[in-house]
């Protein structure tokens, strides 16, 4: 039997898989806390001769004011630089040596470096620790997301992927609440990092991904993992035997980032996906910065930063599983709606009612782009074969970080014209939505495990149609000549 048939026997989303996925999904809360840490441990302090006694942050401890104030932003930038590098390094590495060892090693060191942050004796140690935490956070984030999908049947990929992204948003909100009750920055950093120890102990028992084992030709080990899952699900699968397909394919053994460039189908897909990820990030973070320029408690602002995304996830689950919408049309539609919301902000006066204002339209745009962002995670993992899935996600996530890095600079374009920032976000959303329509639909299609399956006759994929047609024409001409 093939892998999808095996999951039908084992259970696509049985009790054991539900527990395993729950642990990986809840881990997103910990990762969200690490991502948002600098917001609450390094807030801007109004300097009026002396610091307020109720403020305990890296700013007050190391006097990061005036000429030294840039160091707070630098620490945040170092974290996201680490995330970018982690995306590129950990993805291909997990495709080569396995999901489990890369995931557990990265999680262990993220927790270790997280404690280095909390007990840093100087700013320099703090900054280096944030770089290293970001490196691990970016790397294991991708691997964790992939594992939530590869442990279950393909029909549950959209649900598990959406749950992971939704829990990350919940984690942002919970971190805001945690920061409200724990004000000293070292105590907050310790409290935010400590759940990582528990998650590491829980994840040590997780098996290797059976899909990765199958894609690399380790059939006996894949069968062993599937039998273990079946046993824990209460099913009898003693006669489970996987079909030996593509185990000796040289391309699969050498699959890596270079294949994203040399393989004709993957090259085109990667180019489109990189732009879509870049645009999602640019619009998402750009609108977040615009919508957060309000006064009030920073703890409430952090919580709202996460909560405003939550309505997007039920919308995703509904639309991407409908045959008339699917992944491709849903992603393109949400991107175009985000761009349209940005366009509308340029058409209304600054001082209007609360219902129809620049802020409300910006939040609406963020809601739409959050939905598109969630879909593109799920969609991308389905477009890449298992042997190169993490490498593909890593490269796409790298372009995503570039968009995030550029987003803070877009508001400065107001110097040219007051509507220029939203015009940039509008054009980015609309063009990404249109370009995304070039991608093939993956709803109810079998997941590709090897590179060989990308050009199989049963595959109906938009970006490979020309390649496949040329190949078929050549075969037919050769047959007619003979």
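Including glycine, each Cβ sits where the backbone N, Cα and C put it.
Keep in mind that this is a model prediction, so the values were computed, not measured.
Taken straight from TrEMBL:
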type     : residues : note
DOMAIN   : 21-444   : domain 'Major facilitator superfamily (MFS) profile'
TRANSMEM : 21-42    : transmembrane segment
TRANSMEM : 72-90    : transmembrane segment
TRANSMEM : 102-121  : transmembrane segment
TRANSMEM : 127-148  : transmembrane segment
TRANSMEM : 160-182  : transmembrane segment
TRANSMEM : 268-287  : transmembrane segment
TRANSMEM : 299-320  : transmembrane segment
TRANSMEM : 332-348  : transmembrane segment
TRANSMEM : 354-379  : transmembrane segment
TRANSMEM : 391-410  : transmembrane segment
TRANSMEM : 422-439  : transmembrane segment
Go through the chain and flag residues at least 6 beyond the ends of the transmembrane segment (102-121) whose CB is under 8 A from any CB in it; none is fine as an answer.
27, 34, 37, 86, 90, 93-94, 129-130, 132-133, 136-137, 139-140, 143-144, 147, 186, 189-190, 192-193, 196-197, 199-200, 203-204
Under 8 angstroms, Cβ to Cβ: which one of 21-42, 160-182, 332-348 has the largest number of such pairs with the transmembrane segment (268-287)?
332-348
Please compute the mean pLDDT of the model over the domain 'Major facilitator superfamily (MFS) profile' (21-444).
86
Under 8 angstroms, Cβ to Cβ: which one of 72-90, 160-182, 332-348, 391-410 has the largest number of such pairs with the transmembrane segment (354-379)?
332-348
Hey, which of 72-90, 299-320, 391-410 has the most Cβ-Cβ pairs under 8 Å against the transmembrane segment (160-182)?
299-320
Taking 72-90, 299-320, 332-348 as candidates, which has the most Cβ pairs under 8 Å with the transmembrane segment (391-410)?
72-90
